[in-house]
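Asks: I grabbed these lines from TrEMBL:
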type	residues	note
DOMAIN	93-382	domain 'Sugar phosphate transporter'
TRANSMEM	95-112	transmembrane segment
TRANSMEM	124-147	transmembrane segment
TRANSMEM	212-230	transmembrane segment
TRANSMEM	236-255	transmembrane segment
TRANSMEM	267-289	transmembrane segment
TRANSMEM	301-323	transmembrane segment
TRANSMEM	365-382	transmembrane segment
């Protein structure tokens, strides 16, 4: 090993030889030795600690290279650990962007959706336009190559069909609810979805849950009931629409979990296919329930009342409906169901608060208390299922 000084140091380096027959004396010695053997009982004294950077045997001379401790070179960082840290940070940032985008798009959709329904109270057509806009956007994306076209077969569409039926019912029911009551009230009732999920899974599928899960349903049910009883503009159709939407979305989730196992379709393409199939299911029912004549008359009335900006409202609510759902399905590819559930709870809070502020919805203190209890119960439910 080479042992030579990297710099000329004022540091005192020397060899002390202790001779039994004489007193201790200090004699400076060169750092290059003529042989590999040091005299017996030789002591190396150094005023500062030395770091040996390399040792290389050169027969018959051994040399030493040293540098001061306070000038030592930094230790190399583990590249694998640094890369893993950066990857984890990038993943958290990506999830945060997904959540922020999801909440923002959902708030915007609910605002425009309510504006459209106030001026144009035809929820079946409004629901159809939402699905049609999303389907058109995805078909264009596939055609121009922005998004890779999914590889599907007959079995895929067969397993997707019950999911699409449940999605269609839930979508229309929620829109009907918002056409009759305040957005905040609809979302307060929809925060009770976990209660439907547990009850359906327990009595129809035979699944069992920990006691903590059942206990978390108490504030959910109690909070929703308190909000419903104290709602100033209560409407039975609006209330039942939100309840039916909860039940339908529970079945949608159940069918989706059972039927889509092993299917290699991304979240974005999965929701695109779901929208297209739901559009095919919904269109004939929308025509039968409302009909083109009602739509034309209502459109003319809305244009006369609101003006040309009404067209923008309809386009915005249709596009933002697809976008917020698409982002939510994309986020499911990145996070666990528990994290998604917590994010969904926070989303409801943002929608309820923003809609109350924008539409200046009158809220009694006891009504707000009921909403807070229900949302707290939803959060406790998500934690209990951990």
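Note that Cβ sites are derived from N, Cα and C of the backbone, with glycine treated the same way.
Unlike curated entries, TrEMBL annotations are predicted automatically.
Walk me through the surroundings of each of these features.
Replies: Tertiary neighbourhood of the transmembrane segment (95-112): same-chain residues 178, 183, 187, 313, 316-317, 320-321, 323-324, 327-328, 330-331, 334-335, 339, 343, 346-347, 350-351, 354-355, 358, selected by CB-CB distance under 8 Å and a gap of 6+ residues from either end.
Sequence-distant contacts of the transmembrane segment (124-147) (same chain, six or more residues past either end, CB-CB distance under 8 Å): 113, 116-117, 171-172, 175-176, 179, 268-269, 271-272, 275-276, 278-279, 282-283, 285-286, 289-290, 295, 314-315, 317-319, 321-322, 325-326.
Here the transmembrane segment (212-230) has Cβ contacts under 8 Å with residues 185, 188-189, 191-192, 194-195, 198, 239, 364, 366-367, 369-378, 380-381, 383-385 of the same chain, all six or more residues outside its ends.
Within the chain, the transmembrane segment (236-255) has long-range Cβ neighbours (under 8 A, six or more residues past its boundaries) at 162-163, 166-167, 169-171, 173-181, 185-186, 189-190, 192-193, 195-197, 200-201, 205, 228.
Outside the transmembrane segment (301-323) by six or more residues, the chain places 105, 108-109, 112-113, 115-116, 119-120, 126, 129-134, 137, 275 with a CB less than 8 A from a CB of the stretch.
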Asks: Quickly jot the same-chain residues contacting the transmembrane segment (365-382) by Cβ under 8 Å, restricted to those at least six beyond its ends, or write none.
Replies: 184, 188, 191-192, 194, 198, 213, 216-232, 338, 341-342, 345, 348-349, 352
